[in-house]
């Protein structure tokens, strides 16, 4: 699976992300629909609409928010804060307004970052009626005492919450859920990176013969996963593993946050892949804040869904600012992240329990041409050790992942050794 | 509970301890009775008397020992070792004697500490008929070859072993046992500190509405706990947790020695309290020597009783010497120790398992005014995280302590979060 | 048991090993028979012969190999490589040859160690028809372009595989297997050291009253253990513990490689002995390569057999070279290794579960003369603590080893404490 990934995939994801960057996404609205159309150019994602007002557990699908334009004009009529320059300038879900006011009246509606005077913060007000502008601290400091024309040309009306879904059917009904949030405007790492990696992971799996079925969700954060779970409550029992993909394009260490269960297949897969990756990484325990794993892992569902990311949210200064841009995210980290996801999926697909057909003493590998038959000396020795591990522990109670973990060898090496041994009749599959 | 402790409590305990300091305590005798009278000025402790000769398991309650005076006089008739200066000068349970003897004859009965030449050691001879004097090494070195008048005006006769008991009744019959030894003479840390903290803990709990019943024992070490257990054998099954309190006034790290069971409620409570205390501390495994936990944790009882102390016995040079005095023990460590005990008891009282009433996805905290509603930004964020932890793990299998341990947040913060959530109908109690 | 080991045992083993050093052992042949005769001078080992061609699981007992002489002569007729100087000069199982050839033709059959130019490597070719010479790199470099007379006067014919076996019967049929490989020629650590320690361990146990039966196997590596297991398949269920002894004469750290089971009696015994030895040591997990534990621990047997050694194979430069000689191996490490084996066996023999006869509170040790009655102050304190540990944990669920592990005291100290307590009627045996 890994071998078939294009060498250019990092650049391809980066370019895809750059195309989606200018769109003004929120938890509802046209920006989300445009984003899903962009995704649809790569995979046949299906767009779903849930009407405003739909009750979903303790929550209600909100009104749909759309925005055409917004600005603050000074007395000379110059746009000193301009939505068309950056969609971060407007607090998401701002109500429409068009009026003039003094600086004193305006100030409570302005947000800046004194510690990063050149960055625009990202703010939302989904569940409280409000409006506001975000601007750099330099812009804020430059404002004089005068009258300002304040305009937010937005609509907040009954409409829909839009999400995308793409399902790849495998041999079994058992599903692996891969979820990413689509609600943030021009922020690259959070979460165009997650959208790009999820899209290209789907692209990689598409058209293959797979053991598991895969469900990809492109949803607004929190309300999206809550709505999806509420509307598909009787369907979640088929989800045997899953991951939330977010913040996977920054240069920080690869990070896997375990599911609430903590020892699910996906947890063991990512832990093994990261530990044998040779890359800087961190494994962290589940905690009930973060991204949509909060909902998937709520106690009434307790799904085996972890979260794959690089630097965790809030732990990098660019987080939720205009500093999270096309410079902050780069092709190389995107590619590493995608490869980890593919390897984790490959591990779940390939993990099997075998039974040695020669359980009493070792079989003679030499007479079967399996003794240092392949690769150079060091590669051959590693392969041979992998075969001995697989033979010794294929007693019907150890999966290939168990053996990989115990031996410290990469799953792929163990898997290939098992494949050779099976071909020579030394192993038989016990179960998936 | 903590909030109601007087700011002066450290000084109050220190003063109480200073009052008891001059009394000559032993495992029996008037000194113990006077000590219990001192305690009775703070809490309604009841005095019990067990006759000498009573068989208690493998032991026998010994004769009662009392002492009026003791000295060694030189040829000039000067008291060169004088019981009225320090009751440590006489080996506890010394038999009466009044005679003259040479230095050579006297020397086998003299005990000093060459490595601490200004301290008087503390020695006992409970179960072997003997007599002796303890003195500073300087005193010993100054003794000349001459005749000495040696007098110990003591009695060792059939009498009683005296102990104190105070029970606070709670909602349930389940008891928490708090035990301290009262047998040491003028030694402050060992164990007037334990007597003081136990007395003030009882005072703090007294008059409150409590879930558990509390039994406070003021007993001579070893023989006291053995006698109490032997005479109340059919009653110990109600003891669900307990602690021995000893050596809690020195400046060393707070130390909790686990019960033999190792994972009892009291163990988990103290471990959590110490780990989140921000104070220097140590957690040590059970071992079958030390204080009365030896008896409570003997295999035929195996009660969940730990031992709370500061520096363990024998690990400070002042241990069992006149150096363990009113300078060595101070109000501040006494207060810290009391607060730990109160917090541990509070944790046992308040630990509960809840069931989230909105187990599927998170409930909306905002619409209930629970979102950053209380405290400053940082305090509010912590409270909010505590609520998310409680909601996510209140699945009927995690107690508040389980959640506190897993989240790394203090039990009190988790408890308060649960209280808020319960008030808003988001949680229901499953069980104590 | 330890007390009865001669102070000279290290030197005795070293002398025994030196006697066996010159023999040319292989997996079959006269060298093995001579070695067994040497062992028979110490213990009544029985020699067994398995015919060539016998099918043993996936393997076949090979032809018997014997060698009289071998050399390479230069044009002057000088033996420039001479089997009589070192039996390592000939690749083991080399086919007979007698011919002349050029240096170019000869070179593919020559093996040296450029990084250790004065050492002769050790090479074998058991399962591939071949011949060759091993020589120092200095010898190889000195060879000129000329004609060489090459002679290997060997036979490779139908014969037998020879192994030795010695069984000591104990009270029970439960067996402890002790296995060492006998197939290496003039190499001291690998494995004359193992042969020597195994022989002297057998000698130590011989004639004693033992709980377990002991089976000592002196076998060629791999094929020997496979053949033994194949021919005694229905007998292995009596093996309750076992160890492979190899490489126990070098100066490196004592090393115990756990059985595949990982927590067998032998594993716990060696771990405890090494941890309390005060000597440098390492405990390593099972892995499916190494020595005959590979076969004993194959999944169809999964016997509780570990491997005791010093520096693991391949981790010292002298490994499988002429550097593994009578200088590399010394009496002191041999003695330490033997003592560890004896202690481990003693632990298995003596490990017992007792029930305290005074489970409620401590019994009075003083009135039984057990209180600091034995040894000096420090020794007495240790003995007393050991008694308290044994009394407290002899509740029918903790063996003496459990207590030793938990207390951190040496098994022997715990065992002696238990012995004293049992003599005084304070303990009763529950089970072996």
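The count begins at 1 with the first shown residue.
Glycine is no exception: its Cβ is also placed from the backbone N, Cα and C atoms.
The candidate list A:160, A:184 contains one residue that TrEMBL assigns to the Zn(2+) site with A:190, A:320, namely A:184.
Residue A:190 (Zn(2+) binding site) counts 28 other C-beta atoms within 10 Å of its own C-beta, drawing on all protein chains shown. In this model, the domain 'DUF2172' (A:64-155) carries an average pLDDT of 97. In the three-state DSSP scheme, residue A:190 (Zn(2+) binding site) is classed as helix. In terms of DSSP secondary structure, the domain 'UCP01524 winged helix-turn-helix' (A:354-428) contains 41 helix, 10 strand, 24 coil. Broken down by DSSP into helix, strand and coil, the domain 'DUF2172' (A:64-155) contains 16 helix, 37 strand, 39 coil. Close to the recorded Zn(2+) site, the chain also has A:122, A:187, A:189, A:191, A:313, A:319, A:324: residues not among A:184, A:190, A:320 whose Cβ is within 8 Å of the site's Cβ mean position. Using a 10 Å Cβ-Cβ cutoff, residue A:184 (Zn(2+) binding site) registers 26 neighbours. Taking Cβ-Cβ distances under 8 Å and a sequence gap of 6 or more within the same chain, the neighbours of residue A:320 (Zn(2+) binding site) are A:121, A:122, A:187, A:190, A:314.
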